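The feature active site, N6-AMP-lysine intermediate is assigned by Swiss-Prot to K175, with sequence analysis given as support. Sequence annotations record features per position, and here Swiss-Prot assigns NAD(+) binding site to D90, A91, A92, Y93, D94, S139, L140, E173, R196, E235, K360, K384. Per Swiss-Prot, the feature Zn(2+) binding site maps to C481, C484, C500, C506. The annotation domain 'BRCT' is assigned in Swiss-Prot to 839-921 on the grounds of sequence analysis. Residues annotated as region 'Disordered' in Swiss-Prot: 663-688.
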Amino acid sequence: MSTNEQLAWDFDDGDVAEVRPDTGIARFAPGSEQWIAALQPTDDDAIRLDRFDVNTMTAEAAARLWARVAAWVESDQIAYYIDDSPVSSDAAYDARMRCLERLEAAFPSLDNPQSPTHRVGGSFSNDFVSVRHPSRMMSLDDVFSIEELKDWYDSVIRDLDWPESKPLPMSCEVKIDGLALNLIYRNGVLEQGLTRGDGVTGEDITLNVRTIGSIPANLGGPKEDVPDFVEIRGEVFMRWDDFHTLNNEQEDAGRAPFANPRNAAAGSLRQKDPRITATRRLSFYAHGLGQLTWGADHPRGTHDVVADQSQAYDLYTRWGVPVSPHNRAVTSFQEILDMIEYYGEHRGDIEHALDGIVVKVDDLGLQRTLGATSRAPRWAIAYKYPPEEVNTELLNITVQVGRTGRVTPVAVLKPVYVAGSTVARTTLHNGFEVKRKGVLIGDTVVVRKAGDVIPELVGPVLERRKGREDQLREFVMPEFCPSCGAKLAPAKEGDKDIRCPNVESCPAQLTERVISLASRKAFDIEHLGEQSAIALTNPEENRPDSVATYAPNITEVLVAPGEEPDPYEPVEGLELPAAQKPVLSNESGLFDLTAADLRDVRVWREAAIVEVHETVGANGKKKKVRKRVGGSGLWHQVPAFWTAPTPAKKLTAKQLAERAQREAAIESAETQGGAASETTGAPTGAEAPLGTMPGFAAASYPEYDVPADAVIVRVDHKTTRTGVTDVPVIIRPGENTRKMFDEMDKARHADLWRVLVALSIRRLGPPTARLIASAMGSLAAIEKATIEDLTAIDGVGPEIAESVVNWFAATREPGDWRGATLRAWQAAGVGVDEAETSSLPQTLAGKTVVVTGSLEGYSRDSAKEAIIERGGKAAGSVSKKTDYVVIGANAGSKAIKAEELGIPMLGEIQFAQLLETGSID
């Protein structure tokens, strides 16, 4: 293409766009590597793509062009469908899409289900496919004391044979409490975003990564600074101010707040719908490099031009990739201690949560000399701050009842901020533990977070008791269940735990069982969470004790900053509504539920106190800022599963015409003896509604949008300039309710092991349920199994076998709730499918593997499941029969025993290799 050539296209509106000839790309032959690298996401280059004949390309060049254009199209789709702020013209977007389609037609290997050409409209979702990292993404070893840190520092000096008198450059940075992320850029274009996973493979969360504003879609800076390929490692996190804003929004919407910023970031980053992630205000800081390739034709050449961490940070800055401002270059151990001391005192003063200081050898050449273990580099270490301890008041000790009837004392604390989140409650495990700690209700107590995660009540501050003895009282475990009133007792002699024996109908136990059966470890009914479970089993939870705190029309109390709410005076004659009966009295009716059954279920919500003040926005205009500051103690009821009454939307003339057209198509199809095609679509309201109030028929209001599942509850008379108009007011199942029923339908065909877990059989978890389901093959066979049959299965112990046999024996007792549940579920199609055989290669057949310690890429259960799925036995103890022991962080006595017995010990990387190949050779 000559530099004088002009290209143009006609847009739909007749305008013409011309390519400016001074872009530099015209110097290169179309389709060449230089031409592909010079392409930019501009309208000009989109025209070039539209005119380019892809059939002249080699397969390798086509793959490079496809990757570049696909990334731009995906960014365009996210900007349009998710962010609602298009960045490209429709014509440019269409041209790029046509280019992809031509490439995929000419080179079929490029056509894959993840291609943007297969995405319809705004149907974005993440499948979280596992992808191999181009280079291993390691974790860091932790140390918890200055002595351990000094040992590491001395070992680095010793291994490098570094002269004592010569300063060793190191870099120190705060350890962000977030999620590790690997960003892959090819020719400066963001290609993929991967979670750490097990360090060898991670989950592809590219769609969600593209919604994070601080992560550039294209690397900036001069072309000579942009490599052919680079992996940028960093941390996704949520700033404190964004975290508090999100939690206010959660509470305003009646949803549970997140415990801490890390949980919020993790939950946001792993959303299947990236539109949700886009609203969560996530941030990113880069802190490391993976693979870096400049390419033979690159101005920098093929040599490694990044010599140390400081140069890497300089590159990030030029590329537009953010780095943490909280880092220092140091040359002595004392300077490292200074950094640790400073941020230990200022943990709450920076923009994000932190849980330690990372120390790295600065020089990349020295890093390579030091090398790495199977899971972590030897040239870096993470110093973890000791658990933060604070004092607060023990207001009360209550008890909670779990799904198996276990009654646990819970400390109710004066809310206190500790290690990244507010703590108001923490478990005390059992009555013996309360006595051992020696705490009294009313004590000032010490609270910390074990591992900076789990709140723990350490004990009382005895000095604070002086002069207050008459205000303190001892906790006594209750004699009767606080939920159902049944007499409490240990399950057997010698048990420390006491239990509620009313397994069938204790509301607290039933609620916990429903939460459990809907969890990911069982039926995986995502939209049947804690609040929905409470609404189904105990809708009167939080019912006010008297009318004095019943405020049916108050959903929030507005106050000025620093003001207290006015006293509440109930309306004269106000009475509490009649108590509701729960929809579920046990699990048997779960799969028989319909949306109509849930129409009148209402739950209690506390009105929030909202502080409102005026401020001036960036545009100079006044705006009101709202902040939730607490609960008011006033309660009202809200629909749990259906929407509140809402006026139906009036259809436009165009919408009415489209509906008439669809109805005509359906009528025509029915007349011809067929059914309307799926593409024609049934009109809104085509199905019979669940029911309407007497006298209110949807057909009477054809000009309004009344969905098929909606109910008209009343008709409002609206006065307009043309007279009085009747507006139907409707209710319908909420979006989450509709999703819940869809997920329940899928759960009818859940794997057999999931059904076993959902039955809440004591001691039976997913790994053992998988073993039993795989060996027995059907629910009918498991029902008939003896203890001997089950213990004959490798990995099933006598206690679990006894629990399973006893549970199914109870189902045969007349009137037993477990039998009713089992028969009702089977009638609904649950558990009637045969157990599925694992489709994974049986790489571990005949091998016994023990997992100990914490793994980055696996929970304890998921690691065991990975072993079992591949034919292996996931044992709980180390013996001479053990083939391998997988060692994670904080491994205990099992690692010592494995070493004594000479059993191969694997890191997480080797574990991944073992799963894949069955060998570590």
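In case you wondered, yes, glycine gets a Cβ from its N, Cα and C as well.
For the recorded positions given as K175, R196, the lowest number of other CB atoms within 10 Å of the residue's CB is seen at R196.
For the Zn(2+) site, the Cβ centre of C481, C484, C500, C506 serves as reference, and the other residues of the chain with Cβ at most 8 Å from it are V401, G405, P482, S483, G485, A486, L488, P501, N502, P507, A508, Q509. Of the listed binding-site residues, namely C481, C484, C500, the sparsest Cβ surroundings within 10 Å are found at C484.
A 10 Å cutoff on Cβ-Cβ distances gives D94 (NAD(+) binding site) a total of 13 other Cβ atoms nearby, all chains included.
The average pLDDT computed for the domain 'BRCT' (839-921) is 83. Ranked by how many other Cβ atoms sit within 10 Å of their Cβ, the binding-site residues A92, L140 place L140 at the bottom.
Residue counts for the domain 'BRCT' (839-921) by DSSP state, with H, G and I taken as helix and E and B as strand, are 29 helix, 16 strand, 38 coil. Following the DSSP three-state reduction, the secondary structure of the residue listed as 'active site, N6-AMP-lysine intermediate' is strand.
Taking Cβ-Cβ distances under 8 Å and a sequence gap of 6 or more within the same chain, the neighbours of K360 (NAD(+) binding site) are M170, S171, C172, E173, Q309, Q367, W379, A380. With respect to C506 (Zn(2+) binding site), the closest of these recorded positions in Cα terms is R196, chosen from D94, L140, K175, R196.
In this structure, K360 (NAD(+) binding site) is part of a beta strand by DSSP. Reduced to three states, the DSSP call for A92 (NAD(+) binding site) is helix. Of the recorded residues, K175 (active site, N6-AMP-lysine intermediate) and R196 (NAD(+) binding site) place their C-alpha atoms 16 Å from one another. Around C506 (Zn(2+) binding site), a 10 Å sphere centred on its CB holds 24 further CB atoms from the protein chains shown.
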